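Colleague: Swiss-Prot lists HIS64, HIS93 with the feature heme b binding site. Taken from Swiss-Prot, the feature domain 'Globin' covers 3-148, and the record attributes it to sequence analysis.
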Amino acid sequence: MVXWTDXERAAITSLWGKIDVGEIGPQALARLLIVYPWTQRHFSTFGNLSTNAAILGNPKVAAHGKTVMGGLELAVKNMDNIKGAYANLSKMHSEKIHVDPDNFRLLAEITTICLAAKFGPSVFTPDFQEAWQKFENAVVSALGRQYH
């Protein structure tokens with residue numbers, strides 16, 4: 001279990017309230033597929049992923065990015081039991097989809113980059129980033145739990 005300070009909880013909740021999952025999610029997933037092209041193997045049913053432009057314009061990438069980002073709400077609402085909240089997702093990604101657990105870390109890093117670019121230093125301050133990184137690390141750990 002992660003021990004959260006009141007300031008960290010407030011930062012994560014505040015930042016989450018500002019996030020448009022329909023904007024950040026597709027952006028983050030598209031960047032993942034472009035920057036780390038080996039991750040595309042999990043998305044063979046998404047159609048054309050042959051170029052950066054194809055990935056950025058792919059409606060299935062956008063829809064799944066929104067779903068993935070929206071899934072973080074589960075962690076925001078269950079900050080005291082993220083591992084329990086993500087148990088089924090972890091099992092699915094481990095046993096059914098066979099996602100390399102390092103991909104969760106890569107997506108978390110890219111999500112942080114997207115948030116920093118979107119909100120800038122006046123909102124995404126070092127304190128907010130510190131809390132967000134701690135939150136993302138907890139999510140990554142929870143998603144990778146079934147791999148151990």
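Every residue, even glycine, has its Cβ placed from backbone N, Cα and C.
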Colleague: So for HIS64 (heme b binding site), how many other CB atoms are inside 10 Å of its CB?
Modeller: 17
Colleague: Looking at the domain 'Globin' (3-148) alone, can you tell me the average pLDDT?
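Modeller: Averaged over the domain 'Globin' (3-148), the predicted model reaches a pLDDT of 90.
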